[in-house]
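Scroll down for the structure; my scribbles are underneath it.
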Amino acid sequence: MQVFQDIINYILGLGSAIFVPLIILILGLVAGMKFKKAFMSAITLGIAFTGMSMVIGFMSNAVSPASEALAKNTDLNLPALDLGWTGAASITWSWSYAFVFFAVVLGVNFVMLILNWTKTLNVDMWNVWGKALTAYLVYFISGSLLAGFITAVVQVILELKMGDMFQRHIEDLTGIPLVTVTHLMNISAVLLLPINVIMDKIPFFNRRADTKALKKKIGIFSENSVMGFLIGLGLGLAAAYGVSGSLNLAIQIATAMALFPMISKMFMQSLSPLADAMSEMMKKRFKDREVYIGLDWPVLAGRSEIWVTAILLVPVFIGYAIILPGNAVLPLAGIINYSIAVGGLLLTGGNLVRMLIMGVISMPIYLYAATYLTPILTGLADRTGAVEGIQKGQQITWSSIEGPEFRILFAEAFKGNILGIVGSVVFIAMFVWLYKYMSKVKVPSQRYEEQGTQTTQVRATNG
């Protein structure tokens with residue numbers, strides 16, 4: 001067991017920018033690509049992931065201090081410290097069972113592929129820790145290790161089915177064939193679905209409202225760099241940065257917004273040859289079968305709708321933290337809520353108006369979930385000793401934890417809570433509803449009418 005852990009630790013130590021391209025290189029060779037072409041695809045993918053991670057980190061490092069300053073201006077004093085995903089990951093990897101979930105993820109995926117229950121091959125092994133975290137939370141809350149493993153298996157299945165249902169929409173949004181996203185943050189679309197269905201019936205919300213469509217309405221103000229500049233300037237002034245500080249923040253966010261689409265093109269450049277090779281291989285060996293490559297969410301990061309939504313919701317997140325009764329969390333490390341932005345992008349096809357409204361409506365769920373998880377994550381941190389630099393007695397949490405409703409409902413269900421059991425059943429029913437909805441609805445480029453025209457309800461591709 002220790003040898004296995006040492007091997008996994010070494011692989012994880014390479015980082016996702018090495019680990020995932022290595023898998024892509026192997027897949028390329030298996031699919032019949034020449035070594036030179038497969039190697040270049042892998043290298044380019046590593047560059048794309050590294051570049052995207054650098055820009056995301058750059059933006060987060062710019063936005064987080066401004067958000068903290070904005071919160072301090074309100075004299076808000078809340079007990080739970082938001083450590084974001086890094087704190088949760090540290091806790092997870094300190095659990096002795098964490099490494100077993102590599103086998104769980106691979107085993108479930110291969111069985112479902114063999115039985116033709118999914119088309120998605122998830123190569124995003126870097127995020128195995130998310131499944132382990134789910135199991136650890138359920139185990140800690142319910143007291144049943146078996147319940148933790150069962151819930152993690154359910155999560156793997158849901159992620160693969162989301163990979164299936166969102167693939168054609170992701171291809172339409174990114175231009176990358178046969179690639180999908182298997183990250184749990186997609187699951188936010190489940191709770192957002194009823195809101196989206198209501199909006200489907202209102203003509204105003206059935207006009208195109210992605211950044212490309214907005215160019216026809218607002219011209220230069222829809223450019224990524226200009227939007228980033230204006231958003232950064234507004235956030236800086238709200239945080240009392242002064243003119244100089246606000247202008248610097250504006251340029252920093254404008255820089256990130258301008259770089260995201262440039263780097264995203266490298267994902268297409270690296271993955272398109274692999275997709276072609278795998279498609280040819282599947283046609284030869286398995287008639288009428290396709291395989292989608294499941295990757296981490298940054299393949300979508302070139303869509304500026306994600307960043308406009310996430311950053312504009314920062315003051316809303318802080319505002320809710322101030323006014324919501326019973327909230328114990330001040331959003332800091334998790335202040336940029338990628339879950340709402342990514343899930344909203346896939347569900348709405350990049351409709352900014354819908355995404356922002358959905359974010360405003362759903363954001364309290366994350367704060368209350370983080371408050372619920374505060375004693376649990378604090379207890380896990382105390383048990384593992386994984387989180388360093390935290391004062392004794394300090395409570396910790398994660399304000400934008402992915403899939404909070406899924407994790408909490410299943411944990412409470414296995415604890416015997418009747419509300420948890422009913423909630424879990426309802427959640428799975430809503431997931432099935434989402435699957436059917438996304439399988440029928442048109443892809444983003446065909447879903448909405450142009451700005452300024454009268455529309456009717458979004459119609460399904462199958463009539």
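Using the three backbone atoms N, Cα and C, a Cβ is placed for every residue, glycine included.
Automated prediction, rather than curation, is the source of TrEMBL annotations.
According to TrEMBL, the feature domain 'PTS EIIC type-2' maps to 8-445.
Here TrEMBL flags 7-31 (among others) as transmembrane segment.
Marked as transmembrane segment by TrEMBL: 38-59 (among others).
Summarising the annotation, TrEMBL assigns transmembrane segment to 95-115 (among others).
The transmembrane segment annotation in TrEMBL covers 136-158 (among others).
Sequence-distant contacts of the transmembrane segment (178-199) (same chain, at least 6 residues past either end, Cβ-Cβ under 8 Å): 120, 122, 124, 127, 130, 155, 158-160, 162-164, 166-167, 170-171, 205-206, 267, 271, 275, 278-279, 290-297, 299-300, 338-340, 342-344, 346-348, 354, 357-358, 361-362, 365, 402-403, 405-406, 427, 430-431, 433-434, 437-438. Sequence annotations record features per position, and here TrEMBL assigns transmembrane segment to 178-199 (among others).
Per TrEMBL, transmembrane segment is recorded for 220-243 (among others).
Away from its own ends, the transmembrane segment (249-268) comes close to residues 44-45, 47-48, 51-52, 55-56, 58-59, 62-63, 66, 174-176, 179, 224-233, 235-236, 241, 298-299, 301-304, 307, 311 of its chain (Cβ-Cβ under 8 Å, at least six residues beyond either end). Residues or ranges marked as transmembrane segment by TrEMBL: 249-268 (among others).
What TrEMBL lists as transmembrane segment is 306-323 (among others).
The transmembrane segment annotation in TrEMBL covers 329-348 (among others).
Residues or ranges marked as transmembrane segment in TrEMBL: 355-373 (among others).
Residues or ranges marked as transmembrane segment in TrEMBL: 418-438 (among others).
For the transmembrane segment (306-323), the list of distant contacts is 59, 63, 67, 70-71, 74, 76, 78, 211, 227-228, 231-232, 235, 238, 253, 256-257, 260, 300, 329-331, 335-338, 340-342, 344-345, 352, 355-356, 359-360, 363-364, 366-367, 399: same-chain residues at least six beyond its ends, Cβ to Cβ under 8 Å.
A Cβ distance under 8 Å defines the sequence-distant neighbours of the transmembrane segment (95-115), meaning residues of its chain 6+ beyond its ends; these are 4-5, 8, 121-122, 125, 128-129, 131-132, 135-136, 145, 149, 152-153, 156-157, 160, 291, 384.
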